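According to TrEMBL, the transmembrane segment annotation covers A:20-37, A:43-63, A:75-99, A:157-176, A:196-216, A:236-254, A:260-279, A:286-305, A:317-340, A:347-365, A:446-471, A:477-506 (among others).
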Amino acid sequence: MEPAAKTARGVWRSVVQTGALWGAGAIFLALVGLVEAVSHRQIVAGVLSLAYALLLLAGLGAGTQVSRRWAGRAAWQRIVGGALAGALVGVAVELLVVIGRSVNLRIMLINASPPLYEILSFGRGLGGVPLMMLAQTGAGAIGAAAPLLPPWFRRPVIAGLSMAFVIGLFQDLVQLMLQSGVRAGLRSLLFTGDGLALHGAVLLFVFAAGLSVLRARYRAPAGRWAVGLPPQRRRVLRWITMGAVVAAILILPWVAGLFISQVLVLVGLYTLMGLGLNLEVGFAGLLDLGFVAFFAIGAYTVGLLTTTGPLAVAHLAWWTVVPIATVVSLIAGVFFGLPILRIRGDYLAIATLGFGEIIRLLVLSDFLRPWLGGSQGVLGIPRPVLVGLEFRGPQQLIYLTVVASALVAFVAARLRDSRLGRAWMAVREDEDVAEALGINTVNVKLLAYGIGGAFAGVSGAIFAVMLGSVFPHSFNVLISINVLALIIVGGMGSLPGVMVGSLALVGLPELLREFSDFRFLVYGAVLIVMMQLRPEGLWPTAVARRELHDGAQAPAVPGHAVELAGAKEGDG
Amino acid sequence: MTLLDVENLHVYYGQIHALKGITLHVDPGEIVTLIGANGAGKSTTLKTISGLLRPREGRITLSGQDLAALPAHEVVAKGVVQVPEGRRIFGQLTVHENLSMGAYTRTERDGIDGDLERIFTLFPRLKERRAQVAGTLSGGEQQMLAIGRALMSQPKVLLLDEPSMGLAPVLVEQIFETITGINQLGTTVLLVEQNAYMALQIAQRGYVLQTGEIALSGSAKDLQANVEVRKAYLGG
Ligand SMILES: Nc1ncnc2c1ncn2[C@@H]1O[C@H](COP(=O)(O)OP(=O)(O)OP(=O)(O)O)[C@@H](O)[C@H]1O
Ligand SMILES: [Mg+2]
């Protein structure tokens, strides 16, 4: 057979494969009920609903993938290929409509309902079938064209579209933030009664695209300008930046409103825990699935020492108890480490899992009920007060979490760059060799568990006042798993990664709460896609980056006198 | 006056009696080699000296100080450091980071920087590759790095476990030359080798280990001439 024909057949196969794959994805979303569930959610009022956005994303994705795969070919070939793949997605989706209308699929697939078919055919019956195919073909062509565009054009467009999409998706929350004064004016400019107005979407697009252009244009010169300043001026500049950040944080809860503040406090608590677990898993390589135990210990310490209820051991102020709770969790961490010092690898996961459950069952037990309250928990935990300011609700507690997270992150960063941090790194890489190099691996591991536990204890202490009570059921194993997942998604060992990970895995699902169970579907899918595309995490450390992008080595700069620079995050 | 003294060492792995009363000594400035077949107990001896394994019986002393009771990290602090079998470098870290890790037990900045330079003169290849990820080094370079890393702790006695394993003949020669160089700079060496021929070339004395016991000992010259040794380890 001619080689040309061979490759031609390969080309067709790749189009068919890609189209079928994305088509199957779209059908899957339809049949699990997601498409119907989000069909009332308007991204741009009267123009585009979330359901259609998702469906068209399938065609778009297929087009982009084909175009990427055909990187060496002519532009028109790539666009035609992408359009064909998009068309295939349309065919797949409409096949479902045609089959579903003639055969009753509901016996097996409860979501395969007439309303779904209506959505999939734009509410026009069989007349909508070619329309959907056409739309998907267009989406495929656009998707294929995207990689062909020069970056200076593509980036602003993507930024603009993302902005409009995100604001449209979260329009309820955004509208809540824009209630009064100037903000109310902005609201009426962007939104109509049903959601984001078309002209609002255009405005947002222009705004974000403009920002992106400005950024591309002025970022490097601005950086050069700042570096070129005399040191004194630069210090002033730094103070101004810091002041702006602090001011932004101060007004944040009042702009964001109650609900978002609540979500942010939760993100903060998970960030604190993430920083602790990151120290154990990311720095020292010690897997820990019982991490929630320290969170519980911190919360119960605060509960018992501050409560006004009958279980009170003392009536101390919250501020006095926080250091106590930290120390108690630290000691708990060390004790936790003792029996599992010699355990490694997979077995460590099981052993630590057991420890987490032991703590939960202990606080739940009838045996300790007189002291810990059993399933009733500890109630009546008073809010902390600082010079007349009461930390009443999320909008005040947010300051507490921000300050605590900043402090803890600072401590973690200093530890990472210290001798102890180097020892952790050695233990993570090869415990036996670490020992042979003179590192006291016993102490070093116990310190990792202790300090990691202490960080979680701080988180628990804030959690206790956030709820005003502590219950055993708040401390189940899912929290440990979630914290582990967030540091993996953020980037193992990376400090900024912890915050990014907790925004993505804790913040986002909270914001998507109205999609009820589907958010876990999205959560799972995002985890899988993430690990495929960015196994090193969203904000990885330099070490993780070189590990997962094999062969990509640091530039060999002679006289490059950095002390273990690998442990520090790059800023990319 | 001996530097490292090992007396009647018995080591067990559970029920397995791996070392059955090993006695050996290393004088200051010497290269002493320990040769023997696979499974004779060479690595076990080194691991016991460096504190990674506990002897059930026997004494290990460094200039008269007891080592047998110390944990591994304190043995390093006393000046005995082991280069483990099979070049276990930190593969994800750079050459420079690996070397700094070797200086973990030390705190004085200037001395460390000086030693770094010394190691780079000893192994110029490492200097060129100081920013390279260690896992991507060639086998020979990794062995050099493992030795360099151990030297960063300024040991009095360097324990080498089969440094020539898996290396091409040219590299083997290079490694042995380097060991001689290290020794001439003042570090005492206890060298475990399967390549008895090369080991006996650079060592002053040697011990032959057989199933956990010292079968023979003597000067390198005598061992090279010994009929038994020639038959068993030198191919003739
Ligand atoms: N962790 C262990 N558990 C049980 N037995 C072991 C262990 N390590 C070594 N042994 C046994 O102890 C004996 C001595 O092993 P050792 O590793 O000291 O040999 P060696 O002389 O270094 O051999 P080689 O030249 O192959 O490295 C062998 O019989 C080996 O099977
Ligand atoms: Mg061995």
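Yeah, the Cβs are placed from backbone N, Cα and C, and that goes for glycine too.
Any TrEMBL annotation is an automated prediction that lacks curation.
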Cβ-Cβ under 8 Å with the transmembrane segment (A:196-216): same-chain residues at least 6 beyond its ends: 42-47, 152, 155-157, 159-164, 167-168, 171, 189-190
Touch test for the transmembrane segment (A:20-37) and the transmembrane segment (A:260-279), at least 3 Cβ pairs under 8 Å: no
Criterion met for the transmembrane segment (A:477-506) and the transmembrane segment (A:236-254) (at least three Cβ pairs under 8 Å): no
Cβ contacts the transmembrane segment (A:157-176)/the transmembrane segment (A:43-63), at least three under 8 Å, sequence gap 6 or more: yes
